[in-house]
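Some features that TrEMBL has for this protein:
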COMPBIAS  1-11  compositional bias 'Low complexity'
COMPBIAS  20-35  compositional bias 'Polar residues'
DOMAIN    764-856  domain 'DYW'
REGION    1-36  region 'Disordered'
REPEAT    107-137  repeat 'PPR'
REPEAT    139-173  repeat 'PPR'
REPEAT    242-276  repeat 'PPR'
REPEAT    346-381  repeat 'PPR'
REPEAT    448-482  repeat 'PPR'
REPEAT    518-548  repeat 'PPR'
REPEAT    549-583  repeat 'PPR'
REPEAT    584-619  repeat 'PPR'
Amino acid sequence: MINLSLPSPANLVPPPPKTLNPSRQKTPPTQTLKNPNFEHLKNRLIHQASVGHLRQAISTLDLMTQQGLTPDLFTYSLLLKSSIRTRQFHLGKLVHARLSESQLEPDSVSLNSLISLYSKNNDWVTANAIFENMGERRDVVSWSAMISCFSRNDMESKAISTFVKMLEFGEYPNQFGFAAVIRACSNAENAWIGDVIFGSVIKTGYFESDVCIGCALIEMFAKGSGDFDSAKKVFDRMPDKNSVSWTLMITRYSQMGNRKEAVELFINMVESGYMPDKFTFTSLVSACAELGLLSFGQQLHAQVVKYGLAFDVCVGCSLVDMYAKCAEDGSMVNSRKVFDLIPDHNVISWTSIITGCGQSGKHSKEAIELYCRMIEDQVLPNHFTFSSLFKACSNLSDPDTGEQIYAHVVKMGLAAVNCVGNALISMYARSGRMEDARKAFDILFEKNLVSYNTIVDGCTKNIDSNEAFGVFPQIEATGFVLDSFTFASLLSGAASIGAVAKGEQIHARLLKAGFESNQHIANTLVSMYSRCGNMEAALRVYSKMERLNVVSWTSIITGLAKHGFATRALEMFQEMLNAGIKPNEVTYIAVLSACSYVGMIDEGWKHFNSMYKEYGISPRMEHYACMVDLLGRSGFLGEAMQLINSMPFEADALVWRTLLGACRVHGNIELGKQAAEMVIEKEPNDSAGYILLSNLYASVGQWNEVAEIRKTMKKKNLGKEAGSSWIEIEDTVHKFHVGDTSHPQAEEIYKELDQLVTEIKEVGYVPDTSSVLQDVEDEQKEEFLLQHSEKIAVTFGLINTSKPKRITVFKNLRVCGDCHNAMKYISMVKEREIVLRDSNRFHHFKNGICSCNDYW
């Protein structure tokens, strides 16, 4: 057990400074004292050292030596202190060499300066050797310098043990010794020791008198134990605050996520008459970037100019980042202006502008171009630069360029750096190249939790959730503590394939891990349960949430809308507004989708028009697509076309596909052809436009046109996505394709399906052969309808589950009219609730009725 108790200062008077043994002191030669040039050269040397002209001072030192004038220890100490002050450590080492060559025996002052010199040059070995050789010449300054050396070089345990040895040596710590050891306690491992030392500081009276100790205590509480309340109490009790202490508090608040408090503290700082410096502004501007406070950030920018810091690299980089993150339209104009004003670009400034371009998503190509300029300017990139470049390549879906950049990474020896490897994994995953992502993951030498989270997230986003769940036990085996991102990614994976049982298992694990109150996790749970077809569970999670943000409300509104509960979704939206929560763009997509799913045209127009008027949200492409869908589904194809023509920007393929789908429902060939042409023009290598147009022709029996489209697709090597459906039974997902016979229970499934069709025909089911978009006989059309994947999946569910368990099936495409009709009859004759999620929405079939009221 470490004993750090100190006696009260009333009972312990610090001992007088130790004196050197007279026999070890050297007296300058007589000729030095009598030489009239000695004082002149010494005064010149002192002046040169004081103004920072260290090279000239050393030249003067050499001149004195050449003339036989031996400089005294005061002169050497002055030169050493000048080299430390100006951070010209290489010149300080030169002074040390001159001192070693002289006939002088170093005293404690010069030796303490040498310890400080090597300490600040991160050479703790030499500093410690000097300290150990001092013997009896060690004083409180020596001990404090050595404690500071170990603390500065991330050797906290050594710093603390040296502090204890100092006490055992009988030396009374001063404010510098206390400050140094407290800094060594600014981590979670040593924070408890810091608390003990804090008691000693209070006892000795240094806390009330020294600003350095106050700053060190703030660091210890903020960084060591995350105790901002204690850090703020220390700050408030400091009698002599200065700009450094204010800036320290602001910086720690900003870095630890308490950014609003950082802004408030800055305002108090200015009101109290303290002058901010470049570190203050850097922290404040960064806080504004994270909070999205563009207006306040611009005010800070004005203050930066006022204080003459506009050309400082650190301040400039934080401004570049702030403008990039806060620009509502994703513009990089202001960021580029700030960047261009920085006179001397270094790797940090280049990386900041490249990162800004990459994170906006709209300027990723510019990020690559800036990197080329950076290389031309012979500025070497670092691991942060490469991480940002891989993100830019991800945004561009350009892994080929990413691979060229990776060659530079390997050349610079940065391939083993975690953040670079993780960014490479993410780039491959976002580009759909999961095999390459897995290789990049496997070759990463030292994986961290981010590495595992990245590969899990990549798997889930590429609908490879089984692979993601396979990584889960690997993470646990490494000993990493799973974080909220891991759980959120796994929940998204469960949602993507509708594996509710997997989702429930993950839910249980995160409860055990203590993430129940985590808002991000709770929001993801709401989304997972609703996407897996269990809206009741989603509502239960939602109702238990202590705090609701815009994401929480949007998640539940989206879920209700997707399940066809449009009225309840709109009621929730109104409750959200009443609660004072401002909706965002995604919220309005959910609201307009709810209106579209049930054909609430007037309600849809009301919300569409209120977006900008009431909340300043300019409609995006997705909002227009929702309105086109709403109008098109309801048969108002002309109005939908008028809306497209009135858009403030050119409609993309999504909008035209939406109109084309509505034309197919209502059989409008001419407008459908126009929409299809626009889809193909926008996305010539996507089969969706061709298939929708082919289906439109097929629905009205124009088989020659269907054949022509299929020939065109064949020439272009464009394939049609095969329909598939899947169902989860006892924690296993079973997938079926059209006419699938590969399943072990295939014979039993088709036998049951034949019987099922006979049963539902007896109660009124009539096969809708118009859903078969092929030119064959009606009897064969009925056979094709029987082989649809959703019918096979539902039949499999009936065989392998018992009443009253609900059957939930997922399909990758839109459900056809015949299958939708059949599901209603199956739910009635089997007395089972069937939930079917297609590519667009959920259908709840119960007692012969669907939740969509046959409007989809």
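Every residue, even glycine, has its Cβ placed from backbone N, Cα and C.
No curator has checked TrEMBL annotations; they are predicted automatically.
Bear in mind that the values here come from a model prediction, so they are computed numbers and not experimental data.
Sequence-remote contacts of a segment are chain residues at least 6 beyond its ends whose Cβ falls under 8 Å from one of its Cβ atoms, and for the repeat 'PPR' (107-137) they are 17-18, 20, 25, 73, 76-77, 80-81, 83-84, 87, 89, 92-93, 96, 99, 145-146, 148-150, 152-153, 155. Residues of the same chain lying 6 or more positions beyond the ends of the repeat 'PPR' (518-548) and with a Cβ under 8 Å from any Cβ of it are 484, 487-488, 491-492, 494-496, 498-500, 503, 507, 510, 555-556, 558-560, 562-563, 565, 579, 581, 808, 810, 835, 837, 842. Counting same-chain residues at least six beyond the ends of the repeat 'PPR' (346-381), those with a Cβ under 8 angstroms from any Cβ of the stretch are 313-314, 316-318, 320-321, 323-325, 327, 330, 332, 335-336, 339, 388-389, 391-393, 395-396, 401, 405, 408, 412. Note: the repeat 'PPR' (242-276) comprises 26 helix, 0 strand, 9 coil (DSSP; helix = H, G, I, strand = E, B). Long-range contacts of the repeat 'PPR' (448-482) within its own chain (CB-CB distance under 8 A, at least 6 residues past either end) are made by residues 418-419, 421-422, 425-426, 428-430, 432, 434, 437-438, 441, 489-490, 492-494, 496-497, 499, 502, 509, 513, 733. Sorting each residue of the repeat 'PPR' (107-137) by its DSSP state yields 27 helix, 0 strand, 4 coil. Confidence annotation: the domain 'DYW' (764-856) carries a mean pLDDT of 84 in the model. Mapped onto DSSP helix, strand and coil, the repeat 'PPR' (549-583) counts 26 helix, 0 strand, 9 coil.
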